[in-house]
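> A single structure is presented below for examination.
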């Protein structure tokens with residue numbers, strides 16, 4: 001091996017010096033001077049931005065929420081038990097974002113989009129910011145497509161359109177989650193991606209939802225975002241935004257999505273906890289002043305996009321829990337004013353075995369009727385009015401001793417219509433079955449059937465139409481209208497069944 005001459009060594013060193021590029025990265029460092037209850041106060045982070053992610057020495061991530069004169073208030077995404085006073089904190093220069101994509105379908109993730117179902121890692125190269133801005137006015141178009149829930153009372157009287165925000169409100173244990181799960185099950189085969197966000201719920205309750213969706217074959221098109229009751233308040237606060245971010249990926253790719261926030265009361269409570277620990281001034285019911293903005297910026301992300309942006313949609317079903325039916329409390333009134341209508345569930349109706357326990361008089365959809373299928377509009381137009389008149393008559397009849405024939409007839413029909421709207425959990429109805437049931441009730445074909453036999457009669461009617469009159473279903477599915485031909489087929493079937501299926505009431 002030849003010796004290297006000193007001149008060659010010198011030229012190599014010079015060459016290396018010329019090629020050397022010095023990379024200097026400046027990192028903003030702060031010091032923890034107080035930590036506890038999921039909150040850390042940092043000194044020295046002068047250039048930090050609102051909402052910026054911060055990294056602690058133990059790799060815990062936090063979000064800068066309070067920017068004060070001499071310190072920064074940070075909410076932690078972990079328990080923070082290993083963070084010590086005096087430890088260093090690094091500003092990342094990023095704001096919260098999560099991976100998104102089709103790989104998340106059928107999975108259960110936490111609000112940071114990390115899998116918690118034991119099925120392995122989720123691989124995705126696409127990231128979206130958690131706090132994405134809502135689509136502007138020009139980006140939207142009016143709601144015109146129906147979103148069928150499969151629940152007769154909702155689809156007929158409180159219809160929901162794709163891109164709408166419909167609040168589900170009621171006391172605890174009145175069937176709010178059941179309506180949401182039934183709606184997800186009913187989207188099977190309709191090319192709709194569903195996102196179910198569970199906020200502050202028991203892990204056992206979330207596991208039950210996962211099992212139901214799996215049994216019904218609905219998990220394959222559903223993403224579940226879970227922030228359990230033992231999760232830090234920060235994750236419970238972020239969970240709905242993470243769910244909206246996952247749904248937005250599909251919406252901006254021209255697909256239809258349905259997102260359920262179960263429930264926003266617990267998110268508001270988590271945000272109240274964070275705000276009080278950060279020493280923000282409390283307002284009504286000790287909530288901070290920006291609790292309205294907390295929900296408005298979330299629910300405004302639901303939209304029906306115009307054709308230029310692909311025509312996708314995000315339909316939001318936020319859930320709010322009331323105390324003793326008090327819808328005039330702070331969070332219920334806030335969310336009612338943001339949404340496009342509400343479905344009110346009554347504890348009294350639930351206890352009276354009217355399930356789903358929807359109070360039709362108080363419930364309203366401000367948009368959905370524009371998106372209701374024509375067939376449903378044709379048969380359900382007078383249903384809400386008839387039920388309202390029946391409720392008034394029923395209250396009056398409790399005080400009256402003798403009622404005339406027409407009043408008795410109206411009461412009998414009202415009782416049958418109420419029975420008609422009862423539905424077994426996890427058994428959503430398709431459009432042709434809904435239309436046939438409402439037509440039978442409003443046109444007096446159930447008047448001769450005893451109330452306890454109505455569910456059996458309806459099942460018999462639906463089976464008869466499928467087995468002997470398939471043309472009826474074909475007309476409704478192909479045209480979405482209740483044509484004269486379909487009406488004639490249905491009347492013929494109803495006449496046959498009222499004579500043959502059950503004996504008339506004596």
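Glycine residues also receive a Cβ, built from the backbone N, Cα and C atoms like all the rest.
Just so it is clear, the model here is predicted, and its values are computed rather than measured.
Pulled the feature table from Swiss-Prot, pasting it below:
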BINDING   170, 171, 172, 173, 174, 175, 176, 177  ATP binding site
SITE      363  site 'Required for activity'
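Quick one: where do these features end up spatially?
Under the DSSP three-state reduction, residue 170 (ATP binding site) is assigned to strand.
Neighbour list (residue 363 (site 'Required for activity'), Cβ cut-off 8 Å, at least 6 residues apart, same chain): 157, 158, 341, 342, 343, 344.
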> Among the binding-site residues 170, 175, which residue has the largest number of other Cβ atoms within 10 Å of its own Cβ?
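Of the binding-site residues 170, 175, the most buried by Cβ count within 10 Å is 170.
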> Going by DSSP, is residue 176 (ATP binding site) sitting in a helix, a strand, or coil?
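In the DSSP reduction, residue 176 (ATP binding site) maps to helix.
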> Among 173, 174, 177, the binding-site residues in question, whose Cβ has the most other Cβ atoms within 10 Å in this structure?
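That would be 174, with the most Cβ atoms nearby.
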> Name the residues of the same chain, 6+ apart in sequence, whose Cβ is under 8 Å from the Cβ of residue 172 (ATP binding site)?
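Long-range Cβ contacts: 321.
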> Within 10 Å of the Cβ of residue 176 (ATP binding site), how many other Cβ atoms can you find? Include all protein chains, please.
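By my count, 23.
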> Long-range same-chain neighbours of residue 171 (ATP binding site), Cβ under 8 Å, sequence gap at least 6?
321, 322, 323, 324, 325, 345, 347
> Excluding 170, 171, 172, 173, 174, 175, 176, 177, which residues of the same chain place their Cβ within 8 Å of the centroid of the Cβ atoms of the recorded ATP site?
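Near the ATP site, the remaining chain residues are 321, 345, 347, 350, 357.
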